[in-house]
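> Once you've had a glance at the structure underneath, I'll fire off some questions.
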Amino acid sequence: MDVRICLLLFLISNPSSCIQETYNEESCSTVTRGYKSVLRTGWYTNVFNLEIGNVENITCNDGPSLIDTELVLTKNALRELKTVSADQVAKESRLSSPRRRRFVLGAIALGVATAAAVTAGVALAKTIRLEGEVKAIKNALRNTNEAVSTLGNGVRVLATAVNDLKEFISKKLTPAINQNKCNIADIKMAISFGQNNRRFLNVVRQFSDSAGITSAVSLDLMTDDELVRAINRMPTSSGQISLMLNNRAMVRRKGFGILIGVYDGTVVYMVQLPIFGVIETPCWRVVAAPLCRKEKGNYACILREDQGWYCTNAGSTAYYPNKDDCEVRDDYVFCDTAAGINVALEVEQCNYNISTSKYPCKVSTGRHPVSMVALTPLGGLVSCYESVSCSIGSNKVGIIKQLGKGCTHIPNNEADTITIDNTVYQLSKVVGEQRTIKGAPVVNNFNPILFPEDQFNVALDQVFESIDRSQDLIDKSNDLLGADAKSKAGIAIAIVVLVILGIFFLLAVIYYCSRVRKTKPKHDYPATTGHSSMAYVS
């Protein structure tokens with residue numbers, strides 16, 4: 001049945017592979033395969049000159065009007081952008097100070113690429129900000145709206161001039177104000193001013209809100225036509241260009257903008273676009289949930305810590321541990337190579353038999369169970385323990401059944417939702433093949449009483465060694481206690497024997513004395529005859 005589903009998907013959408021999810025009972029984890037990599041290998045720099053013109057010298061002296069309101073907005077935005085630019089320069093000057101890490105992490109908190117990308121982007125922005133570089137870019141755009149300019153450090157950038165607002169102000173708005181003042185009866189002029197001004201105001205707002213570094217590339221920073229032209233100029237293959245053109249939203253999310261500054265009525269900013277240079281290599285995702293064993297009120301719990309995306313690249317395997325390192329579109333996985341960690345090919349052993357793997361599979365340990373749901377591409381893993389209520393359900397009929405304690409894999413073709421207490425998780429509707437690797441949970445090898453306290457990201461064989469050491473200590477303690485008990489028992493027996501011997505000796509003495517008493521002769525006075533002697537001795 002699963003094979004027929006994959007074949008049907010192939011015929012409908014012509015995918016190069018079918019998504020397959022394998023559940024491993026031994027480790028309470030899933031491995032989902034069938035994805036293809038799209039890996040960022042570089043950055044493409046675009047420098048924009050957003051020209052405003054001499055708007056600061058235009059004034060309205062004939063009372064409130066729509067034109068006057070729009071002029072005030074434009075002037076205030078320009079002043080605000082100059083302030084943001086000055087603050088940005090001050091921050092960049094501190095990049096080499098101990099506060100560097102705080103600045104870079106602040107940029108990442110906004111969702112901007114990686115620390116390395118932000119640092120490199122800021123360094124390039126400092127180069128572009130040099131007076132000679134700004135002039136060179138303006139000269140390259142003197143007779144065209146788009147040109148490739150080479151910076152003094154040899155970096156080639158695509159320069160784009162956006163002069164719609166300047167052209168409108170100089171050729172239409174200024175003559176109209178000079179002729180009729182700001183209170184222009186033609187409402188179309190005010191509407192046109194607002195339309196031409198919208199991009200500038202939105203650019204100011206985005207840089208102001210993000211302290212000079214945007215978290216993505218919006219349509220205001222770079223229109224769709226500008227993005228298409230930039231992608232077509234990227235130094236990569238036609239197949240990769242085609243893939244990026246078909247995933248322009250992803251290119252925007254993975255890019256970012258940096259404010260350069262305001263120069264004589266021109267806002268200069270830089271847009272960094274990712275170049276996705278590696279495609280079609282296999283990728284897979286590992287998801288896990290806590291697995292626990294209970295015995296006599298004690299728990300032994302482990303959780304795989306090698307979760308995340310894995311992609312092969314140039315004969316090696318890159319591991320992307322963080323949730324935001326990769327993003328999925330259909331069966332393509334967009335990842336940033338700078339965020340990847342090269343791991344050994346043997347890491348695959350952890351996906352099949354974690355307890356006998358020679359590779360140091362990383363886990364976390366604990367003695368307190370955690371109930372949770374880990375959503376997978378084709379379903380979900382449920383860890384249900386203690387007094388927590390767990391169930392699966394259907395969007396049509398509600399709860400289907402209650403789940404027992406332990407780890408359970410729920411394929412998305414068996415349920416629509418997973419509920420833990422009052423929290424409901426919606427399963428994906430991605431269609432694919434489901435498999436299960438049978439096996440006894442690895443925690444069955446552990447005695448909860450001997451299980452180590454909470455440990456994070458340790459090799460599983462270290463957990464076994466820790467338990468073995470605990471068992472050895474207990475055995476030695478029992479041996480010592482046994483020897484001590486035997487010693488005490490020997491002493492007690494000796495004392496009892498001595499007491500008994502003492503009693504026997506005492507009884508013997510008493511008996512001897514009594515016998516001697518009975519056999520001793522009596523010494524009485526001699527008996528008299530009753531006669532008295534009358535003799536007289538003189």
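In case you wondered, yes, glycine gets a Cβ from its N, Cα and C as well.
Annotations per Swiss-Prot:
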{"type": "DISULFID", "residues": "Cys283-Cys311", "note": "disulfide bond"}
{"type": "DISULFID", "residues": "Cys292-Cys301", "note": "disulfide bond"}
{"type": "DISULFID", "residues": "Cys326-Cys335", "note": "disulfide bond"}
{"type": "DISULFID", "residues": "Cys350-Cys361", "note": "disulfide bond"}
{"type": "DISULFID", "residues": "Cys384-Cys390", "note": "disulfide bond"}
{"type": "CARBOHYD", "residues": "Asn57", "note": "N-linked glycosylation site"}
{"type": "CARBOHYD", "residues": "Asn353", "note": "N-linked glycosylation site"}
{"type": "REGION", "residues": "103-127", "note": "region 'Fusion peptide'"}
{"type": "REGION", "residues": "103-124", "note": "region 'Fusion peptide'"}
{"type": "TOPO_DOM", "residues": "19-489", "note": "topological domain 'Extracellular'"}
{"type": "TOPO_DOM", "residues": "511-538", "note": "topological domain 'Cytoplasmic'"}
> Measuring Cα to Cα, how far is Cys301 (disulfide bond) from Cys384 (disulfide bond) in Å?
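The Cα atom of Cys301 (disulfide bond) is 12 Å away from the Cα atom of Cys384 (disulfide bond).
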> Look up Cys361 (disulfide bond) in the DSSP assignment and report helix, strand or coil.
coil
> Mean pLDDT, the topological domain 'Extracellular' (19-489)?
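Over the topological domain 'Extracellular' (19-489), the predicted model scores a mean pLDDT of 84.
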> Near Cys311 (disulfide bond), which residues of its chain come within a Cβ-Cβ distance under 8 Å, counting only those 6 or more away in sequence?
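Ser37, Leu39, Thr281, Pro282, Cys283, Thr317, Ala318, Tyr320, Val333, Cys335, Gly340 - these are the non-local Cβ neighbours of Cys311 (disulfide bond), listed in sequence order.
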> Could you check which of the recorded positions Cys292, Cys326, Cys350, Asn353 is the closest Cα neighbour of Cys390 (disulfide bond)?
Cys292
> For Cys350 (disulfide bond), name the DSSP secondary structure in the helix/strand/coil scheme.
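Reduced to three states, the DSSP call for Cys350 (disulfide bond) is helix.
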> With every protein chain in view, what's the tally of Cβ atoms within 10 Å of the Cβ of Asn353 (N-linked glycosylation site), excluding that atom itself?
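Taking every protein chain into account, the count is 15.
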> Determine, to the nearest whole angstrom, how far the Cα atom of Cys361 (disulfide bond) is from the Cα atom of Cys292 (disulfide bond).
17
> Between the Cα atoms of Cys350 (disulfide bond) and Cys292 (disulfide bond), find the distance and write it as a whole number of Å.
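Approximately 18 Å lies between the Cα of Cys350 (disulfide bond) and that of Cys292 (disulfide bond).
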> Restricting to the chain of Cys292 (disulfide bond) and a gap of 6 or more, list residues whose Cβ falls under 8 Å of its Cβ, or answer none.
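When sequence neighbours closer than 6 are ignored, Cys292 (disulfide bond) has Tyr299, Ala300, Cys301, Pro369, Ser383, Tyr385, Gly406, Val443 within Cβ distance under 8 Å.
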> Compile a sequence-ordered list of residues in the same chain as Cys326 (disulfide bond), six or more apart from it, whose Cβ lies below 8 A from its Cβ; state 'none' when nothing qualifies.
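Non-local contacts for Cys326 (disulfide bond): Cys283, Trp309, Tyr320, Val333, Phe334, Cys335, Asp336.
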